[in-house]
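Pulled from TrEMBL, these are the features on record:
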ACT_SITE  HIS37  active site, proton donor
BINDING   30-37, 146-149, VAL175, 183-186  ATP binding site
BINDING   GLN61, GLN152  (R)-pantoate binding site
BINDING   GLN61  beta-alanine binding site
Amino acid sequence: MKVVKTISEVRESISAQKKMGKSIGLVPSMGFLHEGHGSLMDVARKESDFVVVSIFVNPTQFGENEDYSVYPRDLEKDIVFCEAHGVDLIFAPEVEEMYSNPKISVKVVEISEILCGKTRPIHFAGVCTVVSKLFNIVTPDYAYFGQKDAQQFYILQKMVKDLNFGVQLRRCPIVREKDGLAKSSRNVYLSPEERIHALSLSKAIFAAQKKVKVGMTTAPILAEMKEIIRSTPNTKIDYIEAVDLDTLKETTIIGKNTLFAMAVYVGKTRLIDNFILEEA
């Protein structure tokens, strides 16, 4: 496994692999890797000949008062983790390598301004910009993303289609801790007490999964999810909504592709979780 920090080194490695007819799989990440990332690497390993993991805490997707400066980083540990999952190449650039003159931004309008975009207005433009750069640098055949970031996946699908990127996106299931909490690098921010309170998210998800049926109205399901969160100390709802996965538009009737998504503050930590009816 190689670890490189420059775009030219990535392109050199990828060019050599493509000359041999190898398919390229990319797992974009911000590092501080966990088994959610590991599951993406494992799928990539099965499907692609050459697996690339990018590790880059992308400043353009963080708002002014968000956690960029304190976002957890541990490259040495990440390297060991990637090696254990059969990764071939790690691309871990510095900010200057990716953004020498940051004047160009990629934004998918409208659907970037709902759900998470309501309170994180620049977030998805930052995500789309860095992912489009990674696609141009790595030129992957496949790219792997977790369902936990369901809105992000849908936005990136639109970007790939509209900008004619020659990459297939793969959406992989949410990986959870044994007690149900969705794995996230930000879980490290939680105090022991907050860690217990954070279980209200998965509790709300699991309660809703047991009751949803096609044709039902979303209102009673959403009301129960909100009540579970509100009855938990030290939590604050950012949003809990039901949307059509094909459009991200709010829906009042549950269909086969309904996404139930939430963002909740536990203390100062913002956590997200969701489920899709097709997988309920």
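The count begins at 1 with the first shown residue.
Cβ atoms are placed via backbone N, Cα and C, with glycine included.
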Please list, in sequence order, the residues in the chain of MET30 (ATP binding site) that are at least six apart in sequence and whose C-beta is under 8 Å away from its C-beta.
ILE55, PHE56, VAL57, ASN58, TYR71, SER185
When you tally the Cβ atoms that lie within 10 Å of each candidate's Cβ, which of the binding-site residues (LEU33, VAL175) has the highest tally?
LEU33
Other CB atoms within 10 A, centred on GLN152 ((R)-pantoate binding site)
22
All chains considered, the count of other Cβ atoms within 10 Å of the Cβ of GLN147 (ATP binding site) is 20
List every residue in the same chain as GLN61 ((R)-pantoate binding site), at least 6 positions away in sequence, whose Cβ is under 8 Å from its Cβ.
ILE122, HIS123, PHE124, ALA125, GLY126, VAL127, VAL130
Integer Cα-Cα distance in angstrom, GLN147 (ATP binding site) to HIS37 (active site, proton donor)
11
What whole-number Å value do you get for the CA-CA distance of GLY36 (ATP binding site) and GLN152 ((R)-pantoate binding site)?
16
Cβ neighbour count (within 10 Å, all chains shown) around SER185 (ATP binding site)
19
Out of GLY36, HIS37, the listed recorded positions, fewest other Cβ atoms within 10 Å surround the Cβ of GLY36
Check the DSSP secondary structure of LEU33 (ATP binding site), expressed as helix, strand or coil.
coil
List the Cα distance (Å, whole number) between HIS37 (active site, proton donor) and GLN152 ((R)-pantoate binding site).
15
Which whole-number value in Å describes the distance between the Cα atoms of LEU33 (ATP binding site) and GLN152 ((R)-pantoate binding site)?
19
Between VAL175 (ATP binding site) and GLN152 ((R)-pantoate binding site), the C-alpha gap once rounded to whole angstrom
17
